[in-house]
Amino acid sequence: MFVHATREELSFSSFWLVLVPPIIGYYVLAVLVCIPGYRSQRTGIIPPILLLAYRAATTLDLSFANERMVYLNKGLVLAMTTLSFRTIVWVQSSQPYKRLQRIETDSRTVSGSTIAYNGRRQLYLDASDLAFGLRGIGWNWSQGLHIPSETRPTSSKTSFAFWTLSSLVFHVLVFDFLHYLVQRLGPGTFGTTFGGSIFDESLPPLIRFCRSTFISFLSGLVIYCAIHIVYDFCTLIGVVVLRQLPAQWPPIFDEPWRADSLSDFWAKRWHQLFRHFFIGLGWVPLYYVFGRFGGVLGAFFVSGILHYLGLWGLGNGSDVFGMIGFFMLMGVGVILEGSWRKLTGYRVGGWMGRIWTALWLLGWSNILVDAWARKGLIGSLFIPDPYRLPVHFFGAIPAQTNGII
């Protein structure tokens with residue numbers, strides 16, 4: 001039933017022979033894309049990188065035979081898909097990628113157009129920033145990227161690190177409580193790794209939909225907290241361990257609850273980690289054929305593919321309508337907003353825009369969350385039960401995967 005039954009458990013040898021090779025190839029390509037005149041070499045190494053990424057995504061098992069940790073395989077598939085999509089976009093670039101801004105350790109910002117690369121060391125540092133800085137802050141390929149305003153203390157690394165640590169702890173606690181609450185709402189169904197629908201057929205239609213929408217809303221908050229946790233953790237590593245500046249780690253979200261349109265939500269307020277290849281693989285080719293209509297749907301289609309493949313990583317199949325369908329409907333909503341502006345001369349916004357955005361997002365999020373629920377994602381184990389505060393306060397959740405913890 002679960003994909004890890006046909007996968008190879010991660011070991012010392014599989015780590016070096018299966019997981020590391022696509023990452024090395026990815027980094028080599030990041031170096032080449034920063035150097036002028038290496039387009040043919042970039043093109044030549046794309047096939048082996050993609051094959052190595054496919055092998056890692058489909059043969060490694062990171063769950064260590066624990067059904068409730070199979071979400072780690074989902075993360076692996078997402079990582080390798082992201083790696084593959086980025087390499088495809090990189091090889092299409094006719095010009096090398098350049099850093100327009102380089103933040104130095106003495107806090108000075110130097111224009112990349114007036115200085116040359118400082119030897120191999122700077123090239124390798126730039127390649128590292130390109131490979132692992134998904135938003136491309138300060139690069140020529142990320143023009144138009146929305147960077148949220150800074151509200152954290154950035155004048156001191158110590159203050160910034162303590163603030164980030166506090167944010168990490170806060171979001172872990174909120175994440176665990178909300179995840180527990182969602183699991184508690186379906187203890188024998190979607191609260192387990194066997195999965196189940198968030199739609200309770202025993203309830204009248206209106207109550208059933210209200211309940212599923214509430215579950216979807218809570219699940220959205222869980223996803224928000226999960227992304228925040230990962231970003232806060234990486235921020236601490238960057239600032240404390242790698243001695244980077246706080247300015248290199250701007251906020252990941254821009255208060256998405258304040259979005260007054262779907263365009264505002266997806267283009268600015270939600271995280272922009274995958275923006276580059278959504279545009280490169282989806283928007284650009286379809287925009288040239290169908291205009292803005294095609295560009296919008298193309299970008300959301302690539303997002304749907306990414307999430308579809310990620311869900312497949314759980315080993316219980318995937319869901320076309322729940323994954324691709326949800327994001328295509330987000331694209332339809334954005335197109336409707338553009339049509340409204342053309343017809344009336346006014347953009348969607350204000351309180352009416354917030355209501356519209358909430359209704360469209362929450363209404364259609366039912367199909368997304370239901371797909372996750374039916375494939376067993378909600379029943380995953382992120383924090384062992386003995387260390388979960390909600391379990392100590394409210395008791396363990398019954399019927400979770402035959403007692404496997």
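Note: Cβ is positioned from N, Cα and C throughout, glycine not excepted.
Annotated domain 'Wax synthase' per TrEMBL: 249-328, in sequence order.
For 15-38 (among others), the entry in TrEMBL reads transmembrane segment. Only residues 6 or more beyond the boundaries of the transmembrane segment (15-38), in the same chain, are considered here, and those with a CB under 8 A from a CB of the stretch are 8, 45-46, 48-49, 52-53, 55-56, 59-60, 80, 83, 86-87, 90-91, 93, 95-98, 123-124, 126-128, 130-131.
The annotation transmembrane segment is assigned in TrEMBL to 160-182 (among others). Tertiary proximity for the transmembrane segment (160-182) is limited to same-chain residues at least six positions away from its ends with a CB under 8 Å from its CB atoms, namely 152-154, 191, 215, 218-219, 221-222, 225-226, 228-229, 232-233, 235-236, 239-240, 246, 378, 382-383, 388-391, 394, 397.
What TrEMBL records for 221-242 (among others) is transmembrane segment.
Annotation comment: TrEMBL describes 273-290 (among others) as transmembrane segment.
Residues or ranges marked as transmembrane segment by TrEMBL: 321-340 (among others).
Summarising the annotation, TrEMBL assigns transmembrane segment to 355-373 (among others).
Across the domain 'Wax synthase' (249-328), the DSSP tally of helix, strand and coil residues reads 57 helix, 0 strand, 23 coil.
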